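J.: One structure is given below, represented as structure tokens, and several questions about it will come after.
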Amino acid sequence: MGAARGLDEGLIGTSAEQEPFKELFGLKEDGPLTEKERADRLSNITSMVQMGSILGAIIAFAVVDKIGRLWATRVLCLLWIGGIAIFLGAANTGSLGMVYAGRFIAGVGIGQTTVVAPTYLAETAPRFIRGLCVCAFSGSVYIGIMLAYFASWGSHIHISPDTELQWVIPNLMHIYFAVIIGTLSIFAIESPRWLVKVGKHEKAAANLSKIRNLPAEHWYVQSELLDINDQLNREREATLGSGWIGPIKELILLPSNRYRLMLSVMSQVLGQWSGANSITIYAPQYFEMMGTTGQNEKLFATAIFGVVKFVSSMICALFLIDLVGRKRALMSGITLQLIAMLYMAIFLVIVTDAGDESATMTSSEKSAALGAIVMIYVSGFGWAMGWNSIQYLINSEIYPLRLRAIGGSFAMTFHFVNQYGNSKAVPEMFISMTHGGTMWFFSVVTLMGLAWVWFCLPELAGKSLESIDRVFEMPWYLIGRQGKHLTENMGGAVENFGVDKEKMEAVEDVREVQQRA
């Protein structure tokens, strides 16, 4: 489902670079619109999915808790397909209204993926690889981005610019992915934690048994179910009789939950305004700013950028996020991103005409421009390793079961509000603040993000979802720096045992041998 977001982020920016798209929707430089009007129209087209995603993220918590994680997946796929069909229908009419409406509806579906998928993965994954599983979702964003970039590059080479098919065919990938996801959801297993929440305890035990590949009566499965039920019972006792408004009040009024909200909000604000996501959406324009000329060259450089982000996200998911921890991985990624942003900011202040094809650069300026292009790739690596992985992971694991859906929904609503604002603002920031000033702004935000992570973000690697509550019961000034250390061996039954599944099974085998003897 991560590919849903990745496809759109990769396709809309590259589609807007295709000549038939620009001509059909009035984005050509020699057209009747002024530079500011073109920037405004482009930002409207690109950001409409983010606007729809805001609504999608808002309603996701109700949908995912009411009908379950799997049925929510099927509903969002239908919205996604319907919206893209309307958007592509504009190829025959040239209607901006169809573009806006279709992309908004598709956004309602796409916005729900960022709540449904991380919630499902966090609830079903063993705690030792929970980070890897949720980061696989963020990594799949880059599968979509990479495929989108290469599809647009390929269509630019092989499809005539005289036909709308040059941008329509790559955008059909939306429908292919939605159909595949909706079909595969039929064979998936519903979250045991959601089944416990709605009172289907036998089904929850059966599903957890399948997911863990252990008998339902196995003590590991039973201890995990015990932790889930214990947490849910404590939550229900604390909010007995509060109705539907209870979770909202609990989220806002309890100090421990306010700290969780702060983490959700700040991770989205600092991540989205660090600049890396705007590079993803407007990648061809960024490569042009740094001196890459020629339409084919820009699209090819953009396609390679997609590969870099995909590979880096997989490295993070497989080797970093659970081994070195969330916090170290995030700080390393932000540091790389900060170095890249500072270099690009300095370069654009010194070499102001790098994107002008008619300008002649000196040999030193050409070398600096090559370095700036490399820094685009470095920023992509840092973003995939840092903010992109963490912004989904922490929001799926910091909230207790009763608040997980609404907390994730709130976080992703804020995510899309900021992403919408960023994608809407960047084209106009380039005009009003200049390219160099915009990159300096992103550099300052990235530096602020590094400081915030150091002081405020707790390390949660290796902790069960139920035991994470202990971290947030501490004084607020200790959570970020000492939360994990001071809550060692204070988790649920499974965590306190302190060994993984294989060791547990080995202990069980020894017990059976002793009983036979």
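From the backbone N, Cα and C atoms, a Cβ is placed for every residue, glycine too.
Marked as domain 'Major facilitator superfamily (MFS) profile' by TrEMBL: 1-461. Per TrEMBL, transmembrane segment is recorded for 45-64, 71-91, 97-121, 128-151, 171-189, 261-287, 299-321, 333-355, 367-387, 399-417, 437-457.
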J.: Could you check whether the transmembrane segment (71-91) and the transmembrane segment (299-321) come into contact, where contact means at least 3 Cβ pairs under 8 Å with the two residues of each pair 6 or more apart in sequence?
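T.: Result for the transmembrane segment (71-91) with the transmembrane segment (299-321) is no.
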J.: Can you name the far-off residues of the same chain, 6+ from the ends of the transmembrane segment (97-121), with a Cβ under 8 Å from a Cβ of it?
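T.: Hits for the transmembrane segment (97-121): 1-2, 4-5, 8, 12, 25, 44-45, 48-57, 59-61, 63-64, 69, 72-73, 75-90, 130, 133-134, 136-137, 174, 178, 191, 392-393, 395-396, 404-405, 408-409, 412, 415-416.
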J.: Could you tell me what the rest of the chain brings near the transmembrane segment (261-287), counting residues at least six beyond its ends with Cβ under 8 Å?
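T.: Result: 9-10, 12-14, 17, 46, 145, 149, 251-252, 297-299, 301-302, 305, 309, 334, 337, 341, 373, 376, 379-380, 382-383, 387-388, 390-391, 394-395, 398, 407, 410-411, 414-415, 418-419, 421-423, 426-427, 430, 438-439, 441-443, 445-446, 448-449, 452, 456-457.
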J.: Which bits of the chain, at least 6 residues beyond where the transmembrane segment (128-151) starts or stops, bring a Cβ under 8 A of a Cβ in it?
T.: 1-11, 14, 117-118, 121-122, 169-170, 173, 177, 280, 283, 299, 302-303, 305-307, 309-310, 313-314, 316-318, 321-322, 326, 384, 388-389, 391-393, 396-397, 461-462, 465, 500-501
J.: Can you tell me which parts of the same chain pack against the transmembrane segment (399-417), counting only residues 6+ beyond its ends and a CB-CB cutoff under 8 A?
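T.: Cβ under 8 Å, 6 or more out: 50-51, 53-54, 56-61, 64-65, 107, 111, 114-115, 118-119, 122-123, 193, 197, 228, 231-232, 235-236, 239, 247-248, 250-251, 257, 260-261, 264-265, 267-269, 272, 391, 465-466, 469.
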